[in-house]
């Protein structure tokens, strides 16, 4: 396998010959002539986790319907004057009252998700800059509002979030130009495949349908007089974890579908290539929802948390300086997280889409491919995932603010307002995240294809190929110099 650890001028015949052989191998594996055999070779993986996921959805759907109906039917009893003396007081309102606020959250989240996706197609660079810089400001403003409302805990929480976000941006400011370049090229790829946009919109609709039931149950919990405040928070926390997992599964299902489409587009040299398998979108959709669904459910439990922890540790590690004690502690955490990343990373979803492997094997193979070719140095330098996450969090905060402010004017119970605001924020993050994931999928495919065969990227965009190669060469030199200096310090 060819190693892309070269500058733009390094094009020796051995590397090109190996790349040509690798490209022919990849094309043969995706050739339409072998499509039937490849379909039969795919097996079901991680079925246990798909069963757990579907079972938890059924269980929660039943209980959310009960929570919502418990407060929904009482209003109609009161209107009819039936047994009103037997009913508890309804000082917290009814399911319908809070469900309307969640409807606002769903509408705002959908509009933001669609708007982000459309604006990224026209003004990708400007939108990414907005994502990076507006989040810090927005967190600071929310912190001030919380202090004004005498909510010191939430004020401190958002103030810490604003400070951490500011420090992270400062620590990666030198990486942003390359990150913006990668995101622009990913959007170019996405815009060349309009069916990808339709997939994102379809899954946003699926997310909205699930959220209609989820918010019905959450509204019943917030309005319920059976739970005290702590009890409401515990139940909402469980529902929020469920919504987070469901949202991650939806996002990663889109990730697998889009990865398969982008990979085929790069391998066959274009959307309209005659060698491209017929009905590739339908095939990718079928694989993602059947044989690969268990792997998606399994990976969705862990990848988001591990990726976020890895970004934060990298940012802190790059700014420590000569504090050897602190550097030793951070390096320990860094190597621990790197071990977890080997088995839980977003690049595994590309392998799932292309080869139909289990999640752990896909993640391990993808990470070994990136490390063996040196492309992992480029991946570590790129902050596109963090930038897209900033946009997702910002969309969630805007959604939560809209519902929270309206709840503030409708109800006097501040605790209920915070419950509505935080859960609405999660709804907004899921909806915006489904839109953002199509860009992230294109980014992951670009790196995997560059590691598999650099000529695939060169054929697609020669200028971008040269820029990636030059940046990779610089990063590998930087790592080599850093390793040499560390060895010299150790000897001294």
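Heads up, the Cβ atoms here are built off N, Cα and C, so glycines get one too.
Fair warning: this is a prediction, and the values are worked out from it, not measured in the lab.
The compositional bias 'Low complexity' annotation in TrEMBL covers 1-19.
Among the features that TrEMBL reports, region 'Disordered' is placed at 1-22.
Here the transmembrane segment (47-69) has long-range neighbours at 95, 99, 213-214, 216-221, 224, 235, 239, 242, 245-246, 249, 293-295, 297-298, 301, meaning same-chain residues at least 6 beyond its ends whose C-beta is under 8 angstroms from one of its own. Summarising the annotation, TrEMBL assigns transmembrane segment to 47-69 (among others).
Annotation source TrEMBL lists transmembrane segment at 99-120 (among others).
Within the same chain, residues 156-159, 161-162, 165-166, 169, 176, 387, 390, 393-394, 397-398, 401, 414 sit at least 6 positions outside the transmembrane segment (132-150) and bring their C-beta atoms closer than 8 Å to a C-beta of that stretch. Among the features that TrEMBL reports, transmembrane segment is placed at 132-150 (among others).
Feature annotation from TrEMBL assigns transmembrane segment to 156-178 (among others).
Only residues 6 or more beyond the boundaries of the transmembrane segment (199-227), in the same chain, are considered here, and those with a CB under 8 A from a CB of the stretch are 60-61, 63-72, 88-99, 101-103, 105-106, 110, 113-114, 117, 235-236, 239, 242-243, 246-247, 250, 253-254, 257-258, 281, 285, 416, 419-420, 423, 427, 430-431, 434-435, 437-438. Per TrEMBL, transmembrane segment is recorded for 199-227 (among others).
Tertiary neighbourhood of the transmembrane segment (233-266): same-chain residues 30, 53, 56-57, 60, 64, 67, 189-190, 192-193, 195-196, 199-200, 203, 206-207, 210-211, 214, 217-218, 221-222, 227, 276-277, 280-281, 283-285, 287-289, 292-293, 296-297, 299-301, 303-304, 346, 349-350, 352-354, 419, 422-423, 426-427, 429-430, 433-434, 437-438, 440-442, 444-446, 448-449, 456-457, 460, selected by CB-CB distance under 8 Å and a gap of 6+ residues from either end. Positions annotated as transmembrane segment by TrEMBL: 233-266 (among others).
Residues or ranges marked as transmembrane segment by TrEMBL: 386-409 (among others). Within its own chain, the transmembrane segment (386-409) has Cβ neighbours under 8 Å at 98, 101-102, 104-105, 108-109, 112-113, 116, 127-128, 131-132, 134-135, 138-139, 142, 165, 168, 172, 176, 179, 183, 308, 311, 416-418, 420-422, 424-429, 431-433, 436, 439-440, counting only residues six or more beyond its boundaries.
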